[in-house]
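**Student:** One structure follows; several queries about it will come next.
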Amino acid sequence: MKILYSLRRFYHVETLFNGTFVLAGRDQETTGFAWWAGNARLINLSGKLLGAHVAHAGLIVFWAGAMNLFEVAHFVPEKPMYEQGLILLPHLATLGWGVGPGGEVLDTFPYFVSGVLHLISSAVLGFGGIYHALLGPETLEESFPFFGYVWKDRNKMTTILGIHLILLGLGAFLLVLKALYFGGVYDTWAPGGGDVRKITNLTLSPGVIFGYLLKSPFGGEGWIVSVDDLEDIIGGHVWLGSICVLGGIWHILTKPFAWARRAFVWSGEAYLSYSLAALSVFGFIACCFVWFNNTAYPSEFYGPTGPEASQAQAFTFLVRDQRLGANVGSAQGPTGLGKYLMRSPTGEVIFGGETMRFWDLRAPWLEPLRGPNGLDLSRLKKDIQPWQERRSAEYMTHAPLGSLNSVGGVATEINAVNYVSPRSWLATSHFVLGFFFFVGHLWHAGRARAAAAGFEKGIDRDLEPVLYMTPLN
């Protein structure tokens, strides 16, 4: 191997077993990275890096299309989606495609169309990825300067950031358009047990929208995860889309200020670390959203939330025992608290028993039975509808608890089914992904800062204290 200008630059690269394995411009000698370091070989080859990213997008979209069609092929209309291990169809159903009152699936054709569109798109992206990886120009700076870049060119980097923000903003507006003009979205709070409806009365008040960001993340507050009506969700997307588009235009038109130039490390690996940090935050927020929120993730499709299944059990047995003659207003439980009903710390009437800890649950099947001071005893005695009983009995036996081998539900529940809730899968997977992306952020941020500071080896081994100590032998 030729001696390179500085071996220190390549301290982190292992020697190849087969030194003859060469890809022009992508081998260890010219890039300092071996084949297994993947896209690190392409740091300075913008054309090839474009190919890698387009091909990666193709793989993602291919998975979406193939998995979509797989779920359509296995879908059984007689069973709820959450009993079939589906994670993609619930998202399409939430957008109002193919479903009617109560979340009943009326037509699976829109789901089929979605899968086919994603497959076709993935073929286009796959072709583009292969073209740019193998045939296209290695670098874009000469032939297509608009698409070329140098990592340390701060102005170009913020322009690229701006373009990304505009695309994200347009994505947020797509949901707004779907909800307002193209058939509406599924609203679990629609009267009578949920339905697809157009959103007409958007919440655009900044006090309401940004109030969510200022709420405590704990208990009944629940930060943005506590959002429980579609007007606020769609209105929030109007705000988010506008902020992203305006921020994108701002970043395209301006150069970074001096404080920003000083504060950030301006290198490819630094941008990777910033992106990983952002994705990590997204993952953790998505985890909490899918676990606790039954408006953006309707229980008709994703199954009940944990608190919802617990409250449903208390409600189901209250209904049963009330029919058998129990006085649910005054019956005492084994601890001396109310067996069926008790008071919360703030005085509302809530369900008694172990489910007391979930007293701030809000769910469409339960809210009609609340009055100004919590659960209304007279409504519980006279106004319970059959659909509320059916839904709570169903949710009681489908708690989002379960293990990887699909032994799901409450361990002591004799009526539970062999089932793992999509909420469990989606929340767990996004927590794990969020965690690993955070570790990736720390790793790449540390390397980027070290490179910027001019040392990549870590501590200088010449000054190791152990070198000055008496040998053990």
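Using the three backbone atoms N, Cα and C, a Cβ is placed for every residue, glycine included.
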**Student:** For the transmembrane segment entry in Swiss-Prot, name the matching range from 22-46, 97-121, 447-471.
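**Tutor:** Of 22-46, 97-121, 447-471, Swiss-Prot gives transmembrane segment for 447-471.
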**Student:** Given the ranges 234-254, 255-275, 423-443, which one is assigned the annotation transmembrane segment in Swiss-Prot?
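**Tutor:** Here Swiss-Prot associates transmembrane segment with the stretch 255-275.
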**Student:** Suppose you had to name the range Swiss-Prot annotates as transmembrane segment; which of 178-200, 339-361, 385-407 would you pick?
**Tutor:** 178-200
**Student:** Per the 3+ Cβ pairs under 8 Å rule, pairs at least 6 apart in sequence, do the transmembrane segment (69-93) and the transmembrane segment (255-275) touch?
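**Tutor:** Contact between the transmembrane segment (255-275) and the transmembrane segment (69-93): absent, because fewer than 3 Cβ pairs are under 8 Å.
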**Student:** Of the listed stretches 134-155, 255-275, 291-312, which one has the most C-beta pairs under 8 A with the transmembrane segment (178-200)?
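**Tutor:** Between the stretches 134-155, 255-275, 291-312, 291-312 has the largest tally.
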**Student:** Go through the chain and flag residues at least 6 beyond the ends of the transmembrane segment (291-312) whose CB is under 8 A from any CB in it; none is fine as an answer.
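**Tutor:** Beyond its ends, the transmembrane segment (291-312) has Cβ neighbours at 80-83, 89-90, 93-94, 102-103, 186, 188-189, 194, 222, 225-230, 233, 351, 354-355, 358, 360-361, 363-366, 391-396, 398-401, 410, 421-423, 426-427.
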**Student:** Mind giving me a neighbour count for E367 ([CaMn4O5] cluster binding site)? Other Cβ atoms within 10 Å of its Cβ, every protein chain shown.
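**Tutor:** There are 11 of them.
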